[in-house]
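Q: Feature table excerpt (TrEMBL):
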BINDING   Cys250, Cys317, Cys318  Zn(2+) binding site
DOMAIN    11-332  domain 'Hcy-binding'
Amino acid sequence: MGLVTENASSFMLDFLKRCGGHAVIDGGFATELERHGANLNDPLWSAKCLITSPQLVRRVHLDYLEAGANIILTASYQATIQGFEAKGLSREEAENLLKRSVEIACEAREIYEEKCTKDSLNFTENGGIRTRPVLVAASVGSYGAYLADGSEYSGDYGDAITLEKLKEFHRRRVQILANSGADIIAFETIPNKLEAKAYAELLQEENITTPAWFSFNSKDGINVVSGDPLVDCASIADSCKQVVAVGINCTPPRYIHGLITSIGKATEKPILVYPNSGETYDADRKEWVPSTGVVDEDFVSYVGTWREAGALLFGGCCRTTPNTIRAISRALSNKSSACSTLSSNVNNK
C-alpha cells in the first residue's frame, strides 16, 4: 500500500496544478436528463437511463464539458447491483451497467477532446493543441440513495443497519467501479459518520488503488444531515489514505462557507464544494420544492467567498445546470490574480 498511498496523496494536487489551481465539477444530472426528455420516476432515478437512454447520459456529460467542467461524474449515483436486480436484471447485467456508466463518461470525454483538437480551440505557444484537463469520477451514492425514500437527506437508516452491513452493501459496486477505468471514485452525499467509516474501511480492506473523494451533505451548516458533527466525518476522510479530497454537496449554498471552515479544521486535503440550488427535497412527494433557491448569477456570487475560505474545486448538485457550471467556470477564469494565489496555495501544500 505504500506506493499506492503515495501516488494517491499527490493525485489531486497534481491535477489542480494542471488546471491552474482550481477545478470545476459538473452540475445536476437528473435535472438535465429530464430536460432532454427522460422520465426518471423510478427507484433507479438517473441510473434508469443507463438502461433506456445511454445516449442522453452521454449528451449530458458533453453539455457539462462544453460548459467548462474539469470533472464529470458518472450516472452511477443510484446505480446499485441490488437495485438493478430488483428490476429483474441478472447480476452480470447489473455489473455491466456499472461498468457502462464509466465507459459512457469516458466516451464523452474522448468526443469532447477530439472536437477541441479538430476545432483548434486552444493552442500552446509552440503551436500544439492544449486540451483542458478532464477527470471521470465514478459516482457512488449512499445506502439511502438505493432505498429511494429520502433517507440520504436524513441519514437515518435504523438500528438494523450496521457498519458491516453497509460495507457488504457497497463492496462489490466499489470493486467494479475501482477497476472500470474511472480516474477517481466520488463517494457523494454521505449522510452520516457510520457510512463514511464504512467507505474508509472498505477502501482499505479491498486495497483500492483508485483515488477517492468523500463529500457530505448538511441541512444546518454545522453537522451532516444525520446530526453527526461534520468535523468528525471529515476526520474519517482525512485518515483514509485513498481519499484525496473532502467536501460538501447537495447542500444549500448559504451553508457552504461555514462548512468549508469546519472541514479545514479536520484536514489539509483539497476541499470541494458542489451545492444544490438551495431548494428543498420533499421525500414524500419525491420532488424538489421552492424554498430559498438561487438563480445562477446569485449562486456564482458565492464562489469568491468559498475560494477565499479555502475551497479549490467548485461545481453544482441537484437543480443546477450547465449554465450554472458555465458561469462558475467563467468566474474562476476571470479571476486571474486569484487563480495565481490558489496555484501558490496548492504548491505550498
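Just so it is clear, glycine is given a Cβ too, placed from its N, Cα and C backbone atoms.
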Q: May I ask which residues of the same chain, at least 6 positions away in sequence, place their Cβ under 8 angstroms from the Cβ of Cys250 (Zn(2+) binding site)?
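A: Listed in sequence order, they are Tyr153, Glu188, Thr189, Asn217, Tyr274, Pro275, Asn276, Cys317, Cys318.
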Q: Taking the recorded Zn(2+) site as Cys250, Cys317, Cys318, identify the other residues of that chain whose CB atom sits within 8 Å of the mean position of the site's CB atoms, giving them in sequence order.
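A: Same chain, not in Cys250, Cys317, Cys318, Cβ within 8 Å: Gly28, Thr189, Asn217, Asn249, Thr251, Tyr274, Pro275, Asn276, Ser277, Gly316, Arg319, Thr320.
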Q: For the binding-site residues Cys317, Cys318, which one has the sparsest Cβ surroundings, going by other Cβ atoms within 10 Å?
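A: Minimum Cβ neighbour count within 10 Å, taken over the binding-site residues Cys317, Cys318, occurs at Cys318.
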Q: Which whole-number mean pLDDT does the model give the domain 'Hcy-binding' (11-332)?
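A: In the predicted model, the domain 'Hcy-binding' (11-332) has a mean pLDDT of 90.
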